[in-house]
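Under the heading transmembrane segment, TrEMBL lists 38-65, 77-99, 111-131, 152-175, 195-220, 265-286, 298-319. Positions annotated as domain 'G-protein coupled receptors family 1 profile' by TrEMBL: 51-316.
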Amino acid sequence: MNSSLDLLDLELLNQSGSPFCLLDMGYSQIFNTCLLEVAIILLLTVLIISGNLVVIFVFHCAPLLHHHTTSAFIQTMAYADLLVGVSCLIPSLSLLHHLKGLDEELTCKVFGYMVSVLKSVSMASLACVSVDRYMAITRPLSYATLVTPCRIRVCILLIWLYSALIFLPSFFGWGKPGYHGDVVEWCAMEWGTKPLFTSFIVALLYVPAAMTVCFTYANIFRICRQHTKEISERHARFSPQESSLGQDGQPQHAPACTDKRYAMVLFRITSVFYLLWLPYILYFLLESAGIYRHPVASFLTTWLAISNSFCNCLIYSLTNSAFRKGLKRLCSFCVQQRYRQRKGGPLCLEV
């Protein structure tokens, strides 16, 4: 009953000539735009674009980050998140009344499809990262032959192709892929979710990705805990000096510890991803089943999920030491170039 009243209020609001706002706080009668929605979307747009541009530049400037094969998946995720930020300009322009000449239905479908595909690429990339770390820890001797640059490129290509195909039925009226375009009136009023299409997306994307991540990281931390226990027993049996020396008399380092630290970084990224996307997925299921629908909940869960595109680069930059070194190198290079430009010297990159 409440959802019907909310939708009726939105229709009356639009018929009265006021701008279409999901977060209607009473300011639409004063301003000729949905000020709160524009502020939230523009803030996320700036953060997502700037954050992922920094990640991409650091990856290109820091050779240490290419030590792990997972860097290819992290870069894929960064490019996808960057495109999410760019695509967020569409609802911003719509709220600012700069897209009046475009077909609302086509704009809504293209934008919803595009953002859904890009976030699917991020989700699938995180699942591939977890599988890659699982193979690195469980099969360290054959890892180099199993995970080759060619196979990684094929895997990334399949991620993009699968993500593009799984949301394609939304163009043929089967259902609504998400709420990313609900700031456009046609998306909120005319384009409804369907239980069959929602079940299709959940069964072929959300559930497999979540199960893969849970299985791989559970086994990764179980194996790392076993390695840590074995190292502790070795230290208890022998003196610390003897147990830390290899056969050549040099200090040996446990590779499992390094793998565990790197796995922890990726686990944090994955955990934040699913925490931010869980409200969106739950609301998606509830509305598709006809249990609950509310425009404010639609807006907040959608843009909370999209904010993950900025959180990925933030977590990676704060928790990865190699990334921090690359960021410092990039910042120092920019400062040196700025200094040389002021002094009138040549602009060149010192090796």
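Using the three backbone atoms N, Cα and C, a Cβ is placed for every residue, glycine included.
Between the transmembrane segment (265-286) and the stretches 38-65, 77-99, 111-131, 152-175, 298-319, Cβ pairs under 8 Å are most numerous for 298-319.
The stretch in closest packing with the transmembrane segment (152-175), judged by the count of Cβ pairs under 8 Å and taken from 38-65, 77-99, 111-131, 298-319, is 111-131. Take the transmembrane segment (77-99) and the stretches 38-65, 111-131, 195-220, 298-319: counting Cβ pairs under 8 Å, 38-65 has the most.
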